[in-house]
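As recorded in TrEMBL:
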- ARG94, ARG104, ARG132, ASP218: substrate binding site (BINDING)
- ASP218, ASP242, ASP246: Mg(2+) binding site (BINDING)
- GLY275, SER276, ALA277, PRO278, ASP279, ILE280, ALA281, GLY282, LYS283, GLY284, ILE285, ALA286, ASN287: NAD(+) binding site (BINDING)
- 3-341: domain 'Isopropylmalate dehydrogenase-like' (DOMAIN)
- TYR139: site 'Important for catalysis' (SITE)
- LYS185: site 'Important for catalysis' (SITE)
Amino acid sequence: MPRVVVLPGDGIGPEVCASAAEVLQKVAPDVELDYQLLGGGAYDQTGSPFPDATREAVMNCDAVLLGTVGGAQNSPWNALPRPLRPESGLLQLRKALGVYANLRPVKVMPGLESLSPLREDLARQVDVLIVRELLGGAYFDPRRAIEGDSAYNTIGYSKSEVDRVARVAFDAARTRKKEVTSVDKANVLEVSELWRGVVQNLRDTEYPDIKLEHEYVDSVAMLLVKTPGRYDVIVTENLFGDILSDLAAVIPGSLGVMPSASLGDGPGLYEPIHGSAPDIAGKGIANPTGTILSVAMLLRHSLNRDAEARRIEAAVQAALEEVRTPDLGGKGTTQELGAAVLKALGRADLG
Ligand code: NAD
Ligand code: IPM
Ligand code: MN
């Protein structure tokens with residue numbers, strides 16, 4: 001029996017996870033769910049944002065489904081020493097699982113183009129997969145400190161760290177339009193020069209069938225809004241990928257609809273890309289779409305159940321035609337949208 005560890009986390013995390021877990025149980029009733037703590041709530045209860053019991057559970061499961069972690073800007077959690085903060089719990093979880101490739105697909109569902117702030121003809125063309133490196137760069141580089149009146153962080157990458165994530169991007173491109181754009185800042189940063197060389201070498205030696213372009217991150221930020229249809233797969237380092245994926249998330253209409261899969265050699269980690277949304281937490285109006293679509297990615301990548309993943313994606317699309325949460329301009333609640341997805345899953349024409 002496959003086992004999925006569910007980490008609802010903080011803020012709207014438990015609200016969106018509840019909907020997503022119902023969807024998972026509906027399409028895969030044989031999956032066993034194991035609920036564990038992560039983030040600020042975990043710190044409050046155990047003194048650690050990534051408790052030992054959670055570490056133990058995630059290292060011995062088939063996949064992990066995560067809500068969100070973190071508090072508001074003025075949360076007491078933000079005054080804790082950095083390793084005890086909610087976000088550190090998430091980073092420790094990613095590190096423990098060894099999930100170095102973060103897949104963040106951006107697509108505008110057919111019929112839902114009007115939700116995009118972009119012109120509908122532009123929105124219709126968007127189908128981008130952002131592959132964000134997740135275990136390197138400034139996030140994990142030990143060369144970091146606050147020293148008196150100054151502070152520094154370091155964006156370090158080894159060739160092998162670049163190579164393994166670039167492979168994920170090239171392999172994904174082979175199942176799509178066979179185009180990869182590697183995003184860097186090679187006009188300024190040495191680390192980007194190394195990144196660019198590794199990616200180009202891999203393309204030339206092992207992926208000659210893939211069209212590879214190199215572009216600068218500042219220009220990509222502009223072009224993702226101006227002509228987003230030009231991209232197929234984007235591969236980039238950790239911090240650039242974090243920023244570009246929130247930017248790209250605006251295209252389908254809301255941060256609330258974007259799912260992600262983080263993959264390595266062990267269990268995969270699946271989470272929406274948005275945060276704990278303290279401004280709406282507890283109101284029952286968070287959009288669960290990103291988490292529900294993360295369940296689809298979980299079924300596809302970790303449990304090898306592509307048919308169920310497609311059913312969920314079709315059901316979400318059908319549900320959004322009827323129910324929309326306030327972030328998408330509607331009046332629907334989390335519960336109502338979740339229920340509409342469950343109802344659509346029951347329809348024969350989607351199965
Ligand atoms: P956020 O993503 O939580 O919120 C940004 C805006 O988007 C808010 O207005 C919020 O209401 C809205 N929003 C986000 N998700 C939504 C959803 N599902 N439905 C409707 N509206 C939604 O970003 P933030 O405010 O910068 O961060 C809040 C906290 O979340 C911080 O502590 C941050 O560190 C944390 N965070 C966690 C994760 C994660 O757990 N993976 C990701 C990003 C931020
Ligand atoms: C994300 C988040 C995290 C990140 C934070 C909460 C550590 O913004 O998943 O995109 O920066 O990776
Ligand atoms: Mn982010």
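Using N, Cα and C of the backbone, Cβ positions are placed for all residues, glycine too.
Those TrEMBL annotations? Automatic predictions, nothing curated.
Sequence features annotated in TrEMBL and their locations in the structure.
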{"residue": "ARG104", "record": "substrate binding site", "contacts (Cβ under 8 Å, 6+ apart)": "LEU129, ILE130, VAL131, ARG132, GLY241, SER245, ALA248, MET258, PRO259, SER260, ILE273"}
{"residue": "TYR139", "record": "site 'Important for catalysis'", "contacts (Cβ under 8 Å, 6+ apart)": "LEU91, ASN238, LEU239"}
{"residue": "LYS185", "record": "site 'Important for catalysis'", "contacts (Cβ under 8 Å, 6+ apart)": "SER192, TYR216, VAL217, ASP218, PHE240"}
{"residue": "ASP242", "record": "Mg(2+) binding site", "contacts (Cβ under 8 Å, 6+ apart)": "ARG132"}
{"residue": "GLY275", "record": "NAD(+) binding site", "contacts (Cβ under 8 Å, 6+ apart)": "GLY11, THR68, GLY70"}
{"residue": "LYS283", "record": "NAD(+) binding site", "contacts (Cβ under 8 Å, 6+ apart)": "none"}
{"residue": "ILE285", "record": "NAD(+) binding site", "contacts (Cβ under 8 Å, 6+ apart)": "THR325, PRO326, THR333, THR334"}
{"residue": "ASN287", "record": "NAD(+) binding site", "contacts (Cβ under 8 Å, 6+ apart)": "VAL16, SER254, GLY256, VAL257, THR325, ASP327, LEU328, THR334, LEU337"}
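Neighbour count (other Cβ atoms within 10 Å of the Cβ, all protein chains): 22 for ARG94 (substrate binding site). On the 0 to 100 pLDDT scale, the domain 'Isopropylmalate dehydrogenase-like' (3-341) averages 97 in this prediction.
Among the recorded positions ARG132, LYS185, ALA277, LYS283, ASN287, not one has its Cβ under 6 Å from an atom of ligand 3.
Checked against ligand 2, the recorded positions ARG94, LYS185, ALA277, ASP279, LYS283 give no residue with a Cβ under 6 Å from it.
Annotated Mg(2+) site ASP218, ASP242, ASP246; additional same-chain residues within 8 Å of its Cβ mean position, judged by their own Cβ, are VAL217, ALA221, LEU239, PHE240, GLY241, ILE243, LEU244, SER245, LEU247. Between the CA atoms of ALA277 (NAD(+) binding site) and ASP246 (Mg(2+) binding site) there is a gap of 14 Å. Secondary structure from DSSP puts ASN287 (NAD(+) binding site) in coil. A straight line from the CA of ARG94 (substrate binding site) to the CA of ASP246 (Mg(2+) binding site) spans 19 Å. For the NAD(+) site listed in the record, the two most distant Cα atoms among GLY275, SER276, ALA277, PRO278, ASP279, ILE280, ALA281, GLY282, LYS283, GLY284, ILE285, ALA286, ASN287 lie 15 Å apart.
ALA281 (NAD(+) binding site) sits 19 Å from ASP246 (Mg(2+) binding site), taking the C-alpha atoms as the reference points. For the binding-site residues ASP218, ASP279, the greatest number of Cβ atoms within 10 Å around a candidate Cβ is found at ASP218. Of all the binding-site residues listed here (ALA277, ALA281), it is ALA281 whose C-beta has the fewest other C-beta atoms within 10 angstroms.
Comparing ASP279 (NAD(+) binding site) with ASP246 (Mg(2+) binding site), their Cα atoms are 18 Å apart once rounded.
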